Amino acid sequence: MIADILTGAVRSGTSVMLASQGELISERAGVINLGTEGSMLAGALGGFAVTVWTGNPWLGALAGGGCGLLLSLLHAVLVVGFGANQLATGLAIMFFGIGLTSFFGRDFVSSQIVGFNPVPIPLLSDIPFVGGILFNHDPLTYLSVLLVPAIWYLLFRTRLGIMVRTAGEREDVLFASGLNPRLIRACAVLAGGFLAGLGGAQLSIAYTHSWVENMTAGRGVVAVALVIFASWKPQRAMLGAYLFGAAQALQLTVQQQGWAISPFFLFMFPYLLTLAALLLVERRKLSRTPEALGRVLAGDPGG
Amino acid sequence: MKLSSSKSSLTGIIAALLAVIVFVAGCSQPGSGGSSGGANSGTAEAGAEGSAAPGSGGSAVGFIFVGTKDDYGYNQAAYLGSQAVEKAFPDLKVLRSENVPETAEAERVMEQMIKDGAKIIFPTSYGHLEPALNVAKRHPDVAFYHQGGLKTAANLGTYFGTIWEPVYLAGVTAGKMSKTGKLGYIVSVPIPQVLLNVNAFELGAKSVNPDATTSVVFTGSWCDPGQQANAVNSLLDGGADVISQHQDCSKTIVEAAERRGAMTVGYHADSSALAPKGWLTGSEWNWPDLFVDMVRTAADGGFKGSVYDGKYRGMLKDDVVRLSTFGSAVPDEVKAFVEERKQEIVDGTLHPFAGPVKDQSGQERIAAGQAPTTDELEAMDYLVEGVVGSIPQ
Amino acid sequence: MSLNPSPSVAAPAGARSAAAKRLLSWLRQLLVLAIPFALFGLFLLAYGVDPLELYGSMLVSTFGDLYGFGEVLLKATPFVLTGLAAALPAKAGLVNVGGEGQLAVGALFAAWFGVFYLGGLPAWIGIPAMLLAGALGGALWGLAIALLKVKGRLNETITSVLLNYVAVFLVGFFVHGPLKDPESFNWPFSPEIAPTLRLPIFDGTRLHVGFVIAAAIAAIVWFVLARTRLGYRIRVLGSNRLAAERAGMRIGRMYFWVLIAAGAIAGIAGMIEIAGIEGRLRATTGANFGYLGFLAAMMAWNHPLRLLLTAFVLGMISVAGNTLEIGSGLPASAVTILMGLVLFFILGGKRRRG
């Protein structure tokens with residue numbers, strides 16, 4: 001049973017995890033993007049549509065990321081270019097994304113695709129307990145797991161990463177070294193949009209093989225919350241996303257035990273768990289908040 | 001905060017608003033406190049002014065849906081019915097509105113349809129009933145056909161199908177086919193229609209395999225593919241080998257079960273094409289002929305006193321609800337067995353809920369030798385013995 | 001984006017007369033609103049819908065008769081209140097998206113008290129009591145956000161969105177459980193509240209007095225913000241937190257009470273939905289009104305009185321969504337695109353200077 005819940009954690013957590021990795025890059029550069037939900041939806045629809053047209057889920061995944069990126073471009077333009085309020089703009093993009101995808105997605109609701117399927121990794125997937133949890137997933141899930149150390153390396157061990165983080169901490173330093181912090185921020189937002197779109201595509205073409213309107217149902221919002229929980233560390237964002245996935249899997253497992261718990265309390269569980277997790281880490285994290293982001297979160301009205 | 005430039009525009013706005021309020025207050029009477037109660041069934045006598053029979057003389061027919069039309073499910077079934085109406089009555093314009101919430105919002109949409117010439121309106125979700133009753137009271141010349149309702153009015157009839165009959169038969173099929181004896185049922189929230197179907201399914205399975213259990217999983221949503229896929233995985237991991245469902249969109253579950261090599265039972269629509277290997281059977285609505293007949297009856301002025309003036313329930317024998325085609329996985333002797341049971345239901349010799357029926361706690365809900373009425377069944381508030389899962393009390 | 005603010009707007013003020021400046025400001029605001037409508041018009045054209053006809057019918061159905069006008073006001077009423085629940089905290093520099101959940105819990109409390117305790121009371125005491133119950137429910141939900149903000153130091157935007165999901169399930173629990181109407185044949189909604197608790201309705205419409213309550217609350221919020229010392233402090237806090245800190249304000253306490261007040265206002269929106277129009281609590285009562293109110297507040301630049309106007313415009317657009325769908329077969333979600341466009345232009349047009 002524990003193995004089932006952990007497997008479920010990876011299965012249902014992956015789309016959230018991809019989105020949170022993207023959001024993490026964006027927030028490291030000092031921009032919070034609640035439009036992640038919209039980018040995920042755009043990615044879910046774009047990925048699904050292209051898979052329908054081409055029959056190739058890899059192209060679909062790429063297109064999903066591209067659609068997520070396009071939507072985040074709006075965020076970059078408004079926030080970085082026009083200095084609009086980040087949180088408000090993100091929400092507006094979320095609604096816009098919901099409307100846009102509902103409208104253009106109507107013709108795809110009943111479409112069938114040949115999407116990604118779980119590919120057990122030879123030998124490794126035979127390991128008892130661990131094998132089923134970790135080594136029997138779709139290719140995008142493996143990719144997402146590999147992405148985490150890659151993003152960590154990129155952020156903390158490369159010049160590019162230093163630039164991104166400096167954009168979120170001390171933009172005057174960037175100015176001094178002749179770099180344009182706004183450009184770096186915009187790029188970070190776009191990278192975040194791409195990964196959110198990829199997460200949405202994972203949901204539509206790898207996990208569910210379906211598109212319906214508003215199918216992300218708040219996963220993008222959770223992804224944003226998880227980044228804060230994670231203190232802007234990729235590996236912890238991964239943990240957080242799997243925790244959310246585990247909460248979803250757990251509530252379904254609990255229902256099958258026949259215990260007299262109202263399902264409505266179980267539905268709340270993943271969200272309450274996310275809140276509790278946020279509270280738990282809050283005390284230790286303040287000093288690590290990217291400075292520009294700290295200003296946004298503390299209520300400084302501008303970007 | 002940059003309010004500097006707007007001081008004077010503010011004054012303008014305030015003035016305009018005051019004018020608006022005075023205007024509205026001026027041309028209206030102080031409220032008629034009682035307001036629209038809504039639920040008094042059948043008491044409102046139609047046609048204080050209208051000699052016109054409800055539903056006749058319109059230029060349009062309105063359909064409101066709670067979801068979108070392409071969901072391989074509840075709304076698509078109703079949408080197909082609306083298309084049949086469109087085809088059968090070229091003179092009538094079919095007005096549709098999707099994603100109409102089950103709140104007073106629906107009243108506005110129906111009012112708008114009436115303004116646009118509709119004299120016949122199909123509110124197709126259970127939650128549209130109260131709003132429809134309110135609108136019906138204001139428009140005695142409009143006929144309302146509500147899908148699934150338990151209350152009626154002078155110009156509002158309800159229709160539905162006894163879908164639990166084919167669901168029982170699907171349960172029989174699943175009980176015959178399951179190797180583990182564990183069946184999974186994915187549902188949204190515990191409303192009577194849902195509980196009724198889950199119970200019918202379990203009773204059907206138990207009739208052929210006394211040890212069969214049905215694990216019911218609530219997703220909290222009528223259509224959340226991610227959560228549906230989670231539920232399929234969770235149920236299959238828990239040992240179930242047949243997955244059934246009561247969701248508005250059914251595609252994800254059928255496909256996900258198929259990909260994991262499990263057997264699947266459909267709902268609302270024939271999804272056998274989505275699961276060529278694991279499809280067993282399913283339960284479907286067949287609205288087109290019924291809708292056409294309902295529209296014809298009302299448009300011809302015959303709503304009053306017709307079978308649709310009140311609570312109409314189409315049964316298996318009326319072909320309003322259907323058992324889907326069997327999948328290739330189902331062997332001929334099982335097919336024959338289920339067809340026999342089906343004939344017994346059509347003939348009236350088999351009632352799926354014939355007593356004794358016990359609930360989860362072992363308490364007898366339907367005594368031996370008793371068969372509940374459709375009304376009693378449609379107010380189901382318990383799960384039968386053999387269902388694993390919990391509902392709030 | 002064609003919205004690069006023209007240099008003339010940002011130019012030194014001294015050179016121009018005040019009237020010309022005001023005119024320019026008006027023109028700019030008008031432009032910001034007109035462009036998205038024009039863009040959406042092109043979009044409609046691409047789908048074979050005549051935008052002028054749609055906009056025209058929008059105006060006619062709104063201002064053509066009392067009924068249509070009432071429908072838009074009815075639709076706008078909750079937007080005003082949930083908009084205030086976003087605008088008031090925004091003045092203090094907070095982004096509260098919790099109006100959705102606060103409305104739901106307010107509706108829950110209003111229905112709960114209305115059904116169980118207030119049924120026998122005369123209207124003049126029952127309705128205000130129910131209003132207080134709704135405010136209490138919303139305030140409690142606001143309290144959760146406030147505590148998480150002040151004691152837990154969690155960003156209110158994220159907690160308020162997460163709590164919105166929780167609130168919806170909470171209402172679900174009650175309408176499926178303790179608040180379920182025993183005569184509903186086990187369908188999930190609460191019993192109907194007593195007729196004495198229903199808000200008076202204007203004849204010939206579905207419009208109830210709720211919009212007067214909403215307008216009055218908007219006026220109060222405006223007055224407090226613009227004309228009182230408290231409002232001044234809130235605005236200082238919102239525009240410059242450091243200055244507020246230096247001036248010795250107790251910032252945590254301000255945040256705390258502002259968030260609770262916002263919750264109470266959104267809770268009243270929930271009560272008005274129950275007492276004014278629904279008559280009973282359902283699982284989906286007021287769904288999306290909180291988010292739409294937030295958008296209305298953004299469109300109004302968080303100004304309480306402008307909010308009355310933007311809520312009305314959003315009401316018109318929402319009503320037009322159904323018109324569009326019934327008339328031309330385009331899905332109602334099309335107007336969400338229009339709303340999004342309007343917002344982008346407003347957000348982009350509100351450029352920070354200096």
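Glycine residues also receive a Cβ, built from the backbone N, Cα and C atoms like all the rest.
Keep in mind that TrEMBL annotations are predicted by a computer and have not been checked by a curator.
As recorded in TrEMBL, the features of this protein are as follows:
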TRANSMEM  A:58-80  transmembrane segment
TRANSMEM  A:87-105  transmembrane segment
TRANSMEM  A:139-156  transmembrane segment
TRANSMEM  A:183-205  transmembrane segment
TRANSMEM  A:211-230  transmembrane segment
TRANSMEM  A:237-254  transmembrane segment
TRANSMEM  A:260-281  transmembrane segment
Segment-segment contact (the transmembrane segment (A:183-205); the transmembrane segment (A:58-80)) at 3 or more Cβ pairs under 8 Å: yes
Chain residues in Cβ proximity to the transmembrane segment (A:58-80) (below 8 Å; excluding those fewer than six residues from its ends, i.e. six or more beyond): 22, 26, 31, 33, 35, 38-40, 42-51, 86, 89-90, 93, 96-97, 113, 115-116, 140, 182, 185-186, 189-190, 192-202, 204-206, 303
The transmembrane segment (A:211-230) touching the transmembrane segment (A:260-281) per 3+ Cβ pairs under 8 Å rule: yes
Within-chain partners of the transmembrane segment (A:211-230) [C-beta distance under 8 Å, separation at least 6 from its ends]: 15-17, 19-20, 23-24, 27, 32-34, 36-41, 44-45, 48-49, 94, 98, 101-102, 105-106, 108-109, 111, 196, 199-200, 203-204, 236-237, 239-241, 244, 270-271, 274, 277-278, 281, 285, 297
